[in-house]
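Chemist: One structure follows; several queries about it will come next.
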Amino acid sequence: MVKGLVDQCLAGYNGCVLAYGQTASGKTFTMEGSKPTPLHPPPSDPESRGIMLRVAADVVDHIQQTTAAEEEEQSEEITQFSVKATYLEIYQETLKDLLCDSDSQADLRIRIDPDSLSGRELYVQGLTEREVITLEDYVRVAHVGTRRRTVGETDMNNVSSRSHAVLTLTIEQITRRRGGTSPDDISSRKRSKLHLVDLAGSERANSTGATGTRLKEGSSINQSLLTLGNVISALSAPPSGRPAHVSYRDSKLTYLLSDSLGGNALTVMIACVSPASSCYDETLGTLRFAERAKKVKLRATVNVDLQSLRISTLEAEIAQLRQQLESSSSSSLVRRSTRDAHTSTRMPVSSACDAACSSAESQPRKSRWARFTTFFTGIAGRGRRAAATIHVAEQ
Ligand SMILES: Nc1ncnc2c1ncn2[C@@H]1O[C@H](COP(=O)(O)OP(=O)(O)OP(=O)(O)O)[C@@H](O)[C@H]1O
Ligand SMILES: [Mg+2]
């Protein structure tokens, strides 16, 4: 299912994979995979990889295959890929850069990017970006992030994540004429984002035995998960007369992921549950949450950079008009046709722009409605060996 999502992201859609569930249900294990041992050091052992490295392997394979196919066919157009990774954690409502080498970090800010394709895409100011090309680059990013992420010991999990972690891949694809270097040679530019999110798990203080800092962390985790629940409830509520208020801004997590939760993205939620009878209430809560999340409707659009298409269309039109002017002034015989050409040159700039823009906009922009996709994984109590997939829900 996640592989399908990666294919969509490589086609230009935004994507998000979200691991949700109570503490010690296996979210981090699902996203990061088993810890490397001398016998099984990732990435050579694909079986021990988590979602993050499986996604990375799919992206690397796709890029290599596309480039090789274009080389073999000597196609007229070639695609240039660039993938950048950022990794952050939200610890007690503070955003921290996991790829930044400096120890003293300020709380990072979430800002709106007016230059983005939608004009209101969110980004985190000052976040370190790493270019990732080979699988080893991704492994390095994942390991640095994992090492720096805040983890603590509780009675439920001795490697309990105390923060939400978001690994984001920004995939840019530029299709241009082979050998061409000018902006005119670019025929399309796509930019998609894929968020891979390992949430901290909900927890009860009397089960985790948390006190002091752990207790404070636990209540901050529960508070942000409560906001996530409210956001999903508002988004999944049946449509009434007035649009329901969605409280994205009540937590950094929901604000940062607002597009993935209720906007332009395809989202897969992995609901991790524990089959232990002592976890009955939390398991039921997770399944109910997943059921609600499945009702959320998202409108995903291929992120084609219309602005650059507009610019190339306008440039081509200006060149054509110049040519018409030159040819009309050089020959009196074509005076009549000059008048025609003149009529078109006298077209107000704004209408020329509008015409070009509407022609750019009329380019097919693939978009699709999608629902949240959820599937469930469970683990066989504490000290267990392997994950069992309980149920795979339809898309
Ligand atoms: N499928 C599995 N096979 C083997 N071990 C597993 C499996 N799933 C989880 N574990 C182990 O169970 C423990 C708890 O898992 P994990 O840390 O992934 O839980 P979590 O849901 O991330 O919890 P938290 O919310 O507290 O961070 C870890 O030691 C992990 O290695
Ligand atoms: Mg965890």
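Each Cβ is built from the backbone N, Cα and C atoms, and glycine gets one as well.
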Chemist: Of the residue ranges 304-331, 332-359, 360-387, which one carries the coiled coil annotation in TrEMBL?
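Modeler: TrEMBL lists coiled coil for residues 304-331.
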Chemist: Gly21, Gln22, Thr23, Ala24, Ser25: which of these binding-site residues put a Cβ within less than 6 Å of any ligand 2 atom?
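Modeler: Close enough to ligand 2 is none of the binding-site residues.
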Chemist: Around ligand 1, within a Cβ distance of under 6 Å, which of the binding-site residues Gln22, Thr23, Gly26 show up?
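Modeler: Among the binding-site residues listed, those whose Cβ sits under 6 Å from ligand 1 are Thr23, Gly26.
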Chemist: Can you tell me whether DSSP puts Gly21 (ATP binding site) in helix, strand or coil?
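Modeler: Where Gly21 (ATP binding site) sits, the three-state DSSP reduction gives strand.
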